[in-house]
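These notes concern the structure reproduced below.
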Amino acid sequence: VFQHGGGGVMIEGEVQRFLVGCALAALNLLYAREVVIRAKVPPGWVRLMLFLPCLASHVLYPASNFDPMKETMASAVSFTNFGWWTNFKLMGLAFGRGQLVGKVGSPLMFLAAGALPIKEEGRDPKHSSGRRTRSASAAEAKVARDLSPSATLARACCRIPVLCTVIYAAPRLQVGSFALNLCYSFGLYAVLGFIFDIAGLVSSTVFSITLSPHFDKPFLSTSATNFWARRWNLVAGTLLREVIYEPIIEGSMTALPSKGSKKSRNPPKPSTARRLAATTACFLASGLAHEIIMWYMCGAREFGWEWTAFFTAQAPLCALEWFIKRQTKLRFPTPLAIVVFLTVQLTIAKFLFFPPVVRQGLDQRVINDVKRILGLP
């Protein structure tokens, strides 16, 4: 047993089973790399079929080796990271998409990019060569400082007081109230941020991977589009764009040849209807993934479909924002836009996101498990 201050304990077997899950993911990723490099299976459905055992094991292992009712955090992290995020990376690789495509030459880099919940820095082709503006260089320097190991570690440590505040404030707030839902939102942000910070710290110090921010001050979002596309959980957002959005926009599951190659072609500009369909498909896929996670975390008791509805509802909301912005001159001052966005999102969440969390007691189990891990009374 690992002992922590305040009498909290973390069961050794829980850690060992998580490490076994990491080892399983590593073996599956190495197998996928061999399929690409040695077997030279081209991108497409055949490659995806060869990846199916890996995809299945990433779901079945955490589902059968963790008890979500008692090991809430370990269950959630294992099932979400391997069952969703690593699997989406492998699905992208199956069709020649995503960040794993550029990592097949280096086994360690390939493993880190596939197994860790990270978002690698994306290069802007406009700035890949030639003169760089002073403002662009200054912005990149600021991002580099913010993502340095020392800054990442400091940010992870700062999230712990936020978690402690949520843990002890939540029981004092009325169930279903705006204040409690906002409190839970900050708690979710702190938990996900801590996980991404630790993963980023490992990838940047051990594997020297240059990262992009995983969050960008989400509580300063001015619209649903701004929130989902640029500020909230950019790890999941990037995967959804690579695996769902881009294939629909391009009209091809397999990635199109890059510009400059002999087989390259210029796809037609996507129509508004195609963009809306791609956006809706992304939110629907995200909603279904969250619904499966909720089903698993609640002991496979029910499919309430509320989380699916919550995420799918974001698509028409983004479309409405786009229509208003394009057809009218209505613009809110930034402070007002932030208040309007938070009010709308928390109102939708009040009816669709938080009810299953409270009804299944997931909020209390998360709080109790975080207290156990941190050794809090």
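Yeah, the Cβs are placed from backbone N, Cα and C, and that goes for glycine too.
Cross-referencing 149-170, 303-324 with TrEMBL places the feature transmembrane segment at 303-324. Per-residue confidence over the domain 'Wax synthase' (212-311) averages 89 (mean pLDDT, predicted model).
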